[in-house]
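*Asks:* Feature table excerpt (TrEMBL):
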COMPBIAS  508-517  compositional bias 'Basic and acidic residues'
DOMAIN    1-58  domain 'HMA'
REGION    491-517  region 'Disordered'
TRANSMEM  94-115  transmembrane segment
TRANSMEM  148-169  transmembrane segment
TRANSMEM  181-199  transmembrane segment
TRANSMEM  205-223  transmembrane segment
TRANSMEM  357-381  transmembrane segment
TRANSMEM  387-411  transmembrane segment
TRANSMEM  737-756  transmembrane segment
Amino acid sequence: MYSATCEAYLESLAEQQEGVSSAEASYVTETIRVEHDPGDISKESLRDTLSTLGYTAYLREDASSDVGETGGTTRRAREMGGIRKRRDDQLLGMRYSVGFLFGAFLLVPYVAILYPAHLASIFDWQALEIFEDAFRLDSQGAFVFLRLYFVMTGIILVFTGLPVLRGAYLSLKMRRPNTDLLVAITAISAYAYSTAAVVLGRNDIFFDLAIVVTAAVTAMVFYESSIKQRALDRLTELTISQVERTRTYDSDGGTQEVRVEALNSGDVVLVRQGERVPVDGELIEDSCTVDEAIVTGESLPVMKRAGDEVIGGSIVTDGAALVRVGPDVTSSIDRITTAVWDLQSATHGVQRHADQLASYAVFVVVGAALAIGGTGAIAFGMGVPDAVLLALLVLLTGSPWALGLATPLSVAKCLESALRRGIIIFDETVFERLRNVDIVVFDKTGTLTTGEMNVIEADAPTELLDAVAALEQRASHPAANAITTAFADGNTANQDLDEPASASNTNDTDHTGKISEFTNHRSGIEGVIDGTSYLVGNLDLFAEHGWTVDDDIRSRVADARGFGQLPVVIGRDGTAEGLIIVGDEPRDGWDETISRLGARDTDIVVLTGDDEEATDFFKQHKDVTHVFATVPPEGKTATIHRLKSDGQVAMVGDGTNDAPALAAADLGISLGSGTALAADAADIAIVDNDIRSVETAFDLAGAARRRVKQNNILAFSYNGIALFVLAVGFFNPLSAVFAVIVGGGLVAVNTQRKLLG
């Protein structure tokens, strides 16, 4: 699917089937959602019905079954980048190759003989009369010439130009003239007239125009398709969020690997450190720390104890988890995926501006050709062959067939330019939609911030930090890994925290002494080393134990919370002596990006699942219009819908929990360090993980719009040139050839100019 005409045809075809209540297609996502009664028509029958006229339909659940080694990690890459899709691209490449090779062979006589012969007849150049004599075919020569060119040009027209012919047929069937129809009219009329001309012994033949027009447009389609495939290949660098296999755990302590869909309610699964929880369930033993940011958007890992709910899709960051599968054997990611599908499939693609121009041009040009040809025959006494030739020349020179080349070629160039900058754009309508954006919404965690827990600041005696590092190697609270990484093996506050030491040392002793007692609490840890008691955690933990905390530490804790950071108080023998601040830091370039977007008269909104205190830092930015805190995943989508009442909304996010909001926005942008589902829901994926590329995408949109406008003007410009040539008396096939070459050449040359500096 590559046009609104495809959407309309497939929707109409589906809705004609008994048992189908509605159908919604989108060429943007190359999907069609069909509501049907399985009792009247099966999904397999629908698939077969929609597989017609060169379309091949796949059931959504089967779309990635043939990916093999070529598939990507995201759904979009799997469905659109699998073996079947690559076969389609190879066939398109074969069509282009046939058109190029056959066309080059057939054009040699034109360049060597026919064009010089036409020049000789136009300018009466005696030096070229030899070519004019060479082109006088006897009846046998005409028959051989016709047979060769009729067959080989026909192969190019039908085989190479099949995608264009199909688009033209659908435009007539759906009564929606488009650029494909313009191209088809130009190529078919040139081919049909040329065949008749050779039969009648005339030398004004236009097989070359049929070849050039068909091959050029097919080359453009192949070029655009190859760029999109390269973009999908880049998508394979993104992570996958859904778990396909897991381990069941039996009462004897044994494990067995099974597919997630084979799980039943009540089964117990073992999830080891670093693995993703496959489905929603309940932790049944001990405790562990899980990172739920991918689902909830909460930036800090969460401590889970026996009896706590564990969200499918979250990652166990410390310890191992035995999870009893809940009554609904799904994960939160599965439900988010369904929400994304619902939102995407309900959105129609946008008809290209070039198709709207073509719908008018078809009637004007065809009508003018018939009128002028008829006038020549009736009013000026022209013979039928000459009148038909006049009508054809008007049609060929007046038809802006290059519109079929101008917009897609411009878009393909813009897609390629974006790809070189690490920006994958899935839909050509993005350029127009970016230009109309009024509000840009940024998710906080993982988008405006790095999403990674690190020690930002530490203020405590060196020996206290050494002791804390030793204790944290046993801990499972959210900040444990960050603190251990920063201070293990003697790395202290006096050292550079940007170059942390390895956390691989897991011994229970170091120069601080032996750990004799250790306890995990929900809000921290406590331990005893060589008779000295240590406490590490939040202010509530110190209050519960009755330890003293001075006002300076309390004030700094409040300040850290205001910046969205996690303050960890550390102390010994009843007194708090220091503070370690842990958090995810703002991304490089976030301030510059927001400032530049704000300078475009765009409202900037920050959206996060964190609490109000964690958003204070962003509220202070002069270009941030609104900040919404403590927003759950389902609330993000609702917030986007509310904001859309104030204008066009673009959403920038990275996590799975952002996916429905990305799909609900007028335009979704995902950062490449995020999840596969976020990339699937977005219209743009930034794979280089640079937030400054968001602003670059806006720059590209403006450049793309200007380039498309220029190419559309150039696509029409050759009509004026060629019609002028006809008007001053150059009533010759070479004028049409000149018009086609100049029009297409101007578009091609202009397209290759650099978009951005």
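Glycine is treated like the rest: Cβ placed from N, Cα and C.
No curator has checked TrEMBL annotations; they are predicted automatically.
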*Asks:* Taking a Cβ cut-off under 8 Å, which residues six or more beyond the ends of the transmembrane segment (148-169) line up next to it in the same chain?
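*Replies:* Distant Cβ neighbours of the transmembrane segment (148-169) are 3, 5-6, 53-54, 92, 95-96, 98-99, 102-103, 105-106, 178, 180-181, 183-185, 187-188, 191, 194-195, 198, 205, 207, 210-211, 214-215, 217-218, 221, 404.
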*Asks:* How do the residues of the domain 'HMA' (1-58) split into helix, strand and coil according to DSSP?
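*Replies:* The domain 'HMA' (1-58) comes out at 20 helix, 13 strand, 25 coil.
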*Asks:* If contact means at least 3 Cβ pairs within less than 8 Å, sequence distance 6 or more, would you call the transmembrane segment (387-411) and the transmembrane segment (205-223) in contact?
*Replies:* yes
*Asks:* Express the predicted model's confidence over the domain 'HMA' (1-58) as a mean pLDDT, rounded to an integer.
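*Replies:* Reported value for the domain 'HMA' (1-58) is a mean pLDDT of 81.
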*Asks:* Does the structure show the transmembrane segment (737-756) and the transmembrane segment (181-199) touching, where I'm treating 3 or more Cβ pairs under 8 angstroms (sequence separation 6 or more) as a contact?
*Replies:* no
*Asks:* Apart from its near flanks, which chain residues at least 6 from the ends of the transmembrane segment (181-199) lie with a Cβ under 8 angstroms of it?
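*Replies:* Hits for the transmembrane segment (181-199): 142, 145-146, 149-150, 153-154, 157, 161, 164-165, 167-168, 171-172, 205-207, 209-210, 213-214, 217, 358, 361-362, 365-366, 385, 388-389, 392, 395-396, 399-401, 403-404.
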*Asks:* Same chain, outside the transmembrane segment (357-381) by at least 6, Cβ under 8 Å from its Cβ: which residues?
*Replies:* 176-179, 181-182, 185, 387-388, 390-392, 394-395, 398-400, 403-404, 712
